[in-house]
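The structure under discussion appears below in the form of structure tokens.
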Amino acid sequence: MPRNCIRETSPKENEIFLWKMDPPNKERRSPENGPSSARPCCSSLKMFLVALSFAYFAKALSGSYMKSTITQLERRFDIPSYLIGVIDGSFEIGNLLVIAFVSYFGAKLHRPKIIAIGCLLMSLGTFLIALPHFIIGRYKFETSIRSSVNSSSNLSPCPVGSGVLATAPSTTAGPSSGCEHESRLSMWIYVFLGNILRGIGETPVQPLGISYIDDHALEENAAFYIGCVQTISVIGPVFGYLLGSICAKIYVDIGFVNMESISITPGDARWVGAWWLGYLIAGLITLLSAVPFWFLPKSLPLPERRLAKYSPERTSFIKDSPLLEHKYQADEPANFLEMAKDFLPTLRSLLGNPVYFLYLCITIIQFNSLIGMVTYKPKYIEQHYGQSASKANFLMGVINIPAVALGMFSGGVIMKKFKLSIMGAAKFALGTSLLGYFLSLFFFTMGCENASVAGITRSYNGTESLYKEDKYLLASCNTICDCPRRNWDPVCGENGLTYISPCLAGCRTSHGSGMDTVFEQCSCVAVGNHTASVGQCNNRDSCHRVFPYFLALSVITSFIISLGGTPGYMLLIRCIRPQLKSLALGFHTLTTRTLAGIPAPIYFGAIIDTTCLKWGQKKCGGRGACRIYNTTAYRIAYLGLTLGLRTASFFLCFLGLVVLRRHVQRQERNTLANGGTGAAAGELQALRKEENNSCNSDQCPQTADYDPERETRL
């Protein structure tokens, strides 16, 4: 009987336990000291908020910088998009290794110090990513004017028998001994391992940080605090993409080469920026973010205002009950072995929550769409709209990401201002997602024509459309030249047509050096002076006109969709027991990153690779990075896959909304049915009303008429 009484009068078990672990002294609880009683707690909580925000900023900065360097890494290591997806997904592999255990055991240990250790590991992993630059050789790109650098003498790009271009390595020629040595050095492995280490270090930041805030903040402020932290985490990518934009403008081997000898620009498909520099800066910032957490306490005293809303008698009963104290001390695991034994039953209880399980399935599908879209969006802007990597990263950081940050912050403010219930938050998140989805359909109408490249997208007379690699590269105007067909060294003819190389353009002579090289007597350029200049032609005027509309729509849709981010996150937190918050957040992160973060970049990249029209060639032979894509096929594959996944998620969204409403209604009926079972139950009924749907099934009264179906945990 006493045990039932304890169950019926303890709807805030987690708060009582925290209060028992660190009870405030009488002086602090006195009416005279009331105004200053919460100062130490609030001060420490604010310090934790600042430290966690900085950690979120640091991890978001390094993560977004990784995505901004995707095309740079592709070109530097001569790898296809799907392999870049493997590297990008290695971050989630690191999370997968430890996140479940960190989320479960970390909640029972010193959370701030565990977060500090994670920041140190993130910093070490970021430095490791930059390591290949210091141990690999200088970057050498495909070019036909390498020997004419700093020389104005004539050089024939069109050798009849053997010449400069004819000596280029072919796909069938065996590599030299030096090449064999270099081919064994898969330098991208260091990037892969460094990103895994980053993922391991990032593991405790989100689940332990968010649960720490939710445990110690006032209930009415928790959503606002979490919204602020999430907003900071979205501001981090602004600086990450801006850093990526700056580094993409700097040549990879800056300081070690004569820049006047470089015959490519940042807009060229062979350009590689100083990708390594940003990782050094991001690693230093992450290292600094670990410092504040070493000075924060394991837990904070329960804010007095969380108890002040209850009656004095009720507060006194909560604080002074020896039976309750004994219960919580007995229920707390004493060592790691006991905690380990509780892990599987606790996980089964968590997954047995239908609302949580459906939320998990929905976010897995939507995260597949989101991660794939965000990972390759800068590349989409580069390839589809003909922008440089620097400009694409700049636009992502200055225009797109701030819209997401404003949406996340506005969502938290709306939820606080209108005091949205769990059902209200779910409907709001679904509504914003649907509106953003319908607006995103207009992206299909904002397409660009393919670049005009002789022998690939256009015939040599510029009239017929082609989409085949190598088959039509040779024509009557260049048959007398011994041209390798694998090299990518584009030149722009006077006729506005791009040729893969000056040799395939039929050019006989050249003069100048570097970017000032001019090719003359080009037999395939049948207009004007028969000349061609270095680089690809930039004559896609209609594409440049539609690009501002693409940016405007991208900003609007990003803002609308992100409005539902914070309410959706609060739904995740409030649909489970407080004791399971850390595990629920950690398991949610684990599953989404395992089933979305790892595979999405890989299969998105693999599908994008199928739209490639011309592959580059590695120095030692074999297929390198893609040089030019079929923009129409790229648009359909990229946007179709992104929106197709979101379409599938909406079916589960409507099902989840129905399940959530049914469980809320059942909880209300059971609450009314148990409302008149005595004074203790009456007090409990009042507590439930005051808590506004924050009661959980394991904290609610369990009497003889207890129904397991009541476990909505909302």
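Residue positions begin at 1 at the first shown residue.
Glycine residues also receive a Cβ, built from the backbone N, Cα and C atoms like all the rest.
Keep in mind that TrEMBL annotations are predicted by a computer and have not been checked by a curator.
Taken verbatim from TrEMBL:
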DOMAIN    48-665  domain 'Major facilitator superfamily (MFS) profile'
TRANSMEM  79-102  transmembrane segment
TRANSMEM  114-136  transmembrane segment
TRANSMEM  222-252  transmembrane segment
TRANSMEM  272-296  transmembrane segment
TRANSMEM  356-374  transmembrane segment
TRANSMEM  394-414  transmembrane segment
TRANSMEM  426-446  transmembrane segment
DOMAIN    471-526  domain 'Kazal-like'
TRANSMEM  546-573  transmembrane segment
TRANSMEM  594-616  transmembrane segment
TRANSMEM  636-660  transmembrane segment
REGION    689-714  region 'Disordered'
COMPBIAS  693-702  compositional bias 'Polar residues'
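Residues 75, 78, 80-86, 88-89, 91-93, 95-96, 142, 269-270, 364-365, 367-372, 375-376, 379, 453, 456-457, 467, 469, 488, 500, 623-630, 633-634, 637-638, 641 of the same chain lie 6 or more positions beyond the ends of the transmembrane segment (594-616) yet place their CB under 8 Å from a CB of it. Segment contact is absent for the transmembrane segment (222-252) and the transmembrane segment (426-446), given fewer than three CB pairs below 8 angstroms at sequence separation of 6 or more.
Across the domain 'Kazal-like' (471-526), DSSP classifies residues as 3 helix, 11 strand, 42 coil.
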